């Protein structure tokens, strides 16, 4: 089959190929995952406020503590693709991928102290409401439409991929698995609201960790211990050093992973509605910020588990393994666990946990932006009961759309990679749009719209162009084409296997996928500022200053005035920090610094 994810997991015994199957215990463990997830949804549907208001259904009454928020943030984009992709990446190319962890610090610190204060203090429900407060309604609708397109395309693939894996492992009916997972996810999301989604995320995160740890522990034991795993990895050149090559066309270096990864993290944890909604559900701004800090070590653990699993795979198979034939991680799991009933079911439950957490977050965030950005503005007098009922209907509707998209994914073949790419390509322009609004007070609505369109055009041009270029050049794929999966928490693109480097404009097609978010968000900002300059920057700045002036005497509850002061303050603050750092570095003489301060 042309799809990269069609895996037939076979075990060779004395030249005979035997398909592996689940035992009864494996099926029971897998069924328990679905039952427990549905049970959490039903619990929140019939307890507490029983999801009778939109605030409870969409925002969890803004009552969540730090722990469930942080674990939900972690689980939202830690899908089956990431669980399978990272070990394959490390097995094939070595531990260079681990340097992605260097990007996590700034990638979570900046959202904690820049984006969260903006969204939380404005008491928003949809992140795109900020775009209307900062620019106008047109910009808000453009941002919302872009996000809906991004998530609808993606969630069907996320649902289909692990169901396909289950079919490959056990021979279980493919569409039975798709329907079971899709309907269970739709059930607990539509009935239990955001509280159910977040607490199932917590449960599913535990299952994901348990599944990965079980594979690593058993695999390490069978390979002769961690020392033997490390020795074989060193001998096989799988322990990578620090590659400081600054060439952006190189797929993985310290700069592409550690710096380019920051922008990927910002697109995911800074402005994505699924994550913003979790920040806004926190009881206080302090707990929302703290949740970002808690995610940091959790992300490091997830990354280390993926890398370690890849090394254990290499210690078991070496250079000559079934993975060279395209059998990937699932062959390894079934091979390691073939004499341990229950553990294969645990790992497949781990995969499905990643998928369920991602899909449920998509349903809930899509229902929220549709309700808040597209429906409520046109029906301001809608009663709370009708709004809540409609929100539940939207969550249910998006669940059915997800099933339809899963069917489309089944007939897309090799275009599955393009579907994954679309998710990554859209994240950068949305990041650029929010940065344009928060950091550049002189940017106007026309510049924002033109900048967003330019960023999307650039993203699709490079992403699709590189995909087509790879398809047109027949080259042997490294150890399963699934290393072309979006490894970085589902937000990267699939441009992983770079073929021949091109010159001129075509060189953009060889740009490392880790730079996509930075490149596309920068396009939005640059084009947005130029267009703003050409379409009336002076008048817009005067208007902004006028609003900010009146803020001083206004009520602090005025959302519009808060926004004006906020983005003006952020820009001024950044300039102050840069200036102060320059003075401290360049003027070592205390007398010079004193004169500078007096002058100011």
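All residue numbers here begin at 1 and follow the chain in the order shown.
For all residues, glycine too, the Cβ spot is worked out from N, Cα and C.
Per TrEMBL, the features are:
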TRANSMEM  27-46  transmembrane segment
TRANSMEM  97-120  transmembrane segment
TRANSMEM  141-162  transmembrane segment
TRANSMEM  174-194  transmembrane segment
TRANSMEM  206-227  transmembrane segment
TRANSMEM  252-271  transmembrane segment
TRANSMEM  346-369  transmembrane segment
TRANSMEM  389-412  transmembrane segment
TRANSMEM  418-439  transmembrane segment
TRANSMEM  446-468  transmembrane segment
TRANSMEM  522-543  transmembrane segment
TRANSMEM  564-585  transmembrane segment
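For the transmembrane segment (346-369), the most Cβ-contacting stretch among 27-46, 141-162, 252-271, 389-412 is 141-162 (pairs under 8 Å). Contact between the transmembrane segment (174-194) and the transmembrane segment (27-46) holds: at least three of their C-beta pairs are under 8 Å, each pair 6 or more apart in sequence. Sequence-distant neighbours of the transmembrane segment (446-468) (same chain, 6+ residues past either end, Cβ-Cβ under 8 Å): 131, 135, 138-139, 142-143, 146, 417-418, 421-422, 424-426, 428-430, 432-433, 436-437, 493-495, 506, 508-511, 516, 519-521, 523-533, 535-536.
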